[in-house]
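Please read the structure below before turning to the comments.
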C-alpha cells in the first residue's frame, strides 16, 4: 500500500509561533488550551512546565500567563492586564484581525454577523469586541429569523470552509442595503482543505491526524468524507486499526493546524508496520 501525504498539512504559522512562545516561557500557564492538541499540550507541560488553566478564575500564584492562540474575550483581557502578572500574548495574528474588524465596524454602526461556532473560544473572543448587535451563525437557515439591520459587516471564524462562508455572504446580499464582507478565513486553512480534498479524491483510505476538539481538523474530516468514505480522525498512532487498510492501495494522510510533525511521523511509521 502506498502512503501519500497531502501537499499542505499540519502546523500553521499561528501554532508554530505559539509553540515557540510557550517553549521560551518555561514554568508558565496558558489561559485555556494553547492549541487544540492534547499530545502537544502534554509535551509542553512535561518538558517546559507550561500548565493549562481553564479560565482566569483559576489564576493563583502564577507569575507568567500566556494567552492562547484562539485569543480570549475583551473583558478577560482587561482583567489580566489589571493583575500583577507578566502577560505573553500568543493570540494568532490572523485571529486578531476579525477582533479588530468587529470592534471597528460595530463602532461605526454596523450589525455584526460572525460565521462560526458560537461555543468556540475564537468566536467568543471575536464576539466580545462588538459594541452593538452581533449574531453568530453556522448556516443560512439561522439568518432567516434574525432581525438584522440594513447595515451589516460579515466576518468568519478563521478555520471555516470558504464555500459555506460564501453562502452566508450571498444570502446577506439579498437582504441588506449595505454589506461589508471581510474574508477572515486563514489562508493556511484554505490550502490545507484544498490539499485534503485533492488527495481524498484518489485515496482508498484517509487518515486525518489532530485533536478531536479542533475545528480545522474536524473540517478536514468532513471534506475527506465527501470524496473518500473510509476517512478516519485520530489523535495519535495508538488509535489506528489494521482493518482500515485491508485491500487498500492508497492511504492518504493529512493533519490539522495544531498537529506537530513528531505525531505525524509516528502515525506513518505505525501504518508501515501494519501493512
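Glycine too: its Cβ is placed from the backbone N, Cα and C atoms.
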| task | According to Swiss-Prot, 36, 70, 158, 214, 215, 216, 258 bind (2E)-4-hydroxy-3-methylbut-2-enyl diphosphate; identify which of 45, 120 is listed for that same site. | result | 120
| task | Write down the one residue from 92, 275 that Swiss-Prot lists together with 12, 186 as binding [4Fe-4S] cluster. | result | 92
| Are any of 70, 158, 214, 258 (the binding-site residues) within 10 Å of residue 12 ([4Fe-4S] cluster binding site) when you go C-alpha to C-alpha, and if so which? | 258
| remark: Counting across all protein chains, other CB atoms within 10 angstroms of the CB of residue 36 (dimethylallyl diphosphate binding site) number 27
| note | Here the Cα-Cα span from residue 122 (active site, proton donor) to residue 36 (dimethylallyl diphosphate binding site), rounded to a whole number of angstrom, reaches 12
| Closest of 92, 158, 186 to residue 214 (dimethylallyl diphosphate binding site), Cα positions, binding-site residues only | 158
| task | Express the distance between the Cα positions of residue 70 (dimethylallyl diphosphate binding site) and residue 186 ([4Fe-4S] cluster binding site) as a whole number of Å. | result | 13
